[in-house]
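Heads up, the thing below is written out as structure tokens.
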């Protein structure tokens, strides 16, 4: 892609998100979301592959539907209350419609069906932008309006997403689909606690972005998109294979790694709010997710390389990717647990 066009598209992505962050008026927020969608569409279709074009079309249609629902919800709310302010979402019909639209935008269950299909059709870097940056603007709106939304609806969305995210990833052989279901599960963790402690949602979102960036960049470095390709990683680059396995375990939320921070804090908050049943359900769904991460680790580190595989086996990892962002994200993914007290102090 032409570097000038790429610069315009990336700056438009930044502009759209910033516009939504800064707005207190529904129309401005909607405009920011639309700029975001229109800026990422050419990035998704840039390879002119039928699968990429199909993924772009699916993404555009779902995002356009969600944007239309947001516009409809905000108009309904303005009609009922005479206010266009984001903080004044007092009409119950408008608030329910608004949550449904934002759930569709970020891929929460039960409106998650587009997410694995779209991510599967993209290359890893565009998939990374879709899984991280594109979640920021909708989350800013959810955080601002969380207190006016029905708590039962948010709890149902969160619990369903963690369950579907764990269950859906069990049977996948494509790594991008696994990461899509992982994203759905993580979104569920963030949504379930947003009504009680929005600051924990932001901590969970930050750690999710760090871990997902590390996962996508390690897979990009090892040129892996299928589990069968992962099995050949160890012989090419043992250090990269080890760090990839640890990054996946961090995504699963195992204790010595960064991914444990949000899960621990969210479960603690749910217990404080006298919701032991929901906390137990969330912990059990985390185990389902952990199983498929362990499956990937098994394929990568415990499967002997000379096995029957359809993928070509290059004798070393050849890449033009810059390794500094990868190193920074991997270190953050593996080693932020000791600074949990500082995070708790900042979010108190």
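Cβ atoms here come from the backbone N, Cα and C positions, even for glycine.
Quantities reported herein were computed from a predicted structural model and do not represent experimental measurements.
Going by TrEMBL, these are the annotated features:
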DOMAIN    23-288  domain 'NADH:quinone oxidoreductase/Mrp antiporter transmembrane'
DOMAIN    290-344  domain 'NADH dehydrogenase subunit 2 C-terminal'
TRANSMEM  60-80  transmembrane segment
TRANSMEM  92-115  transmembrane segment
TRANSMEM  152-171  transmembrane segment
TRANSMEM  178-196  transmembrane segment
TRANSMEM  202-219  transmembrane segment
TRANSMEM  239-257  transmembrane segment
TRANSMEM  277-294  transmembrane segment
TRANSMEM  326-346  transmembrane segment
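The list of residues near the transmembrane segment (202-219) in space but at least 6 beyond its ends in sequence, with Cβ under 8 angstroms from a Cβ of it, reads 124-125, 127-128, 131-132, 135-136, 139, 143, 175, 179, 182-183, 186, 189-190, 193, 225, 240, 243-244, 247-248, 250-251, 258-259, 261-262, 265-266, 321, 325-326, 329-330, 332-333, 336, 343, 347.
The largest share of C-beta pairs under 8 angstroms with the transmembrane segment (152-171) comes from 178-196, of the ranges 92-115, 178-196, 277-294. As a quick check, the transmembrane segment (277-294) and the transmembrane segment (60-80) miss the bar of 3 or more Cβ pairs under 8 A, pairs 6 or more apart, so the two do not touch.
Residues 203, 207, 210-211, 213-214, 217-218, 221, 243, 246-247, 250, 255-261, 264-265 of the same chain, all 6+ positions outside the transmembrane segment (326-346), place their C-beta atoms under 8 angstroms from a C-beta of that stretch.
Across the domain 'NADH dehydrogenase subunit 2 C-terminal' (290-344), mean pLDDT in this model comes to 77.
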